[in-house]
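For 7-49, the entry in TrEMBL reads domain 'Peptidase S54 rhomboid'. Look at TrEMBL and you will find 7-26, 32-50, 87-109 tagged as transmembrane segment.
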Amino acid sequence: SLFSFQMESLFSLMLIILVNLAVGILPHVDNFAHLGGFVTGFLLGFVLLIRPQFGYIKDKTRRYYHRHPHGAYSLTSPRPKYKTYQYALLLLAVLLLLAWFSTGLQLLLGGVNGNEHCSWCHYLSCVPTPLWSCEARCSSSQYENQLNLTCMDNNRSKFYLLGNDTAASQIQKLCVQLC
């Protein structure tokens, strides 16, 4: 039946969403991308997949004649293609989509790190467990103003030239970029 098909579709969609979010707790997998894709796909679904009412398709080829009480006939218009709430949802989805993209683009081009403004958002990218750490770990050696960093996770190594005012937090950021 149609209801069981809809429930199976809903269940498989929820399963895919949960798997994507579960994969996102692994280190170096960004759940922000998964959530952004989900919100964008949801809004684009409203914009691109709006469907006309079933009565509109059936009645599209018919002409409607209405008989007046005094015996005359007049041509009346068929049902509208979309209902009012569909137009309202379409407009809302377009506005939210534009706001979503413009805000994201503004933050990206402005170089804003969202984790600095949200104390719990870093857990969307990585959840620390006894099996892994979410912090990047590097071994370092320094000779004068040259710093050699080696990532402990993937063994990549890179030399950096340091300025006089290089802080430990800047070295940690370099380590995160390397790993």
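First residue shown is number 1, and so on along the chain.
Even glycines carry a Cβ here, placed using N, Cα and C.
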Restricting to the domain 'Peptidase S54 rhomboid' (7-49), report the mean pLDDT as a whole number.
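Averaged over the domain 'Peptidase S54 rhomboid' (7-49), per-residue pLDDT gives 81.
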Can you count helix, strand and coil residues in the domain 'Peptidase S54 rhomboid' (7-49) using DSSP?
35 helix, 0 strand, 8 coil
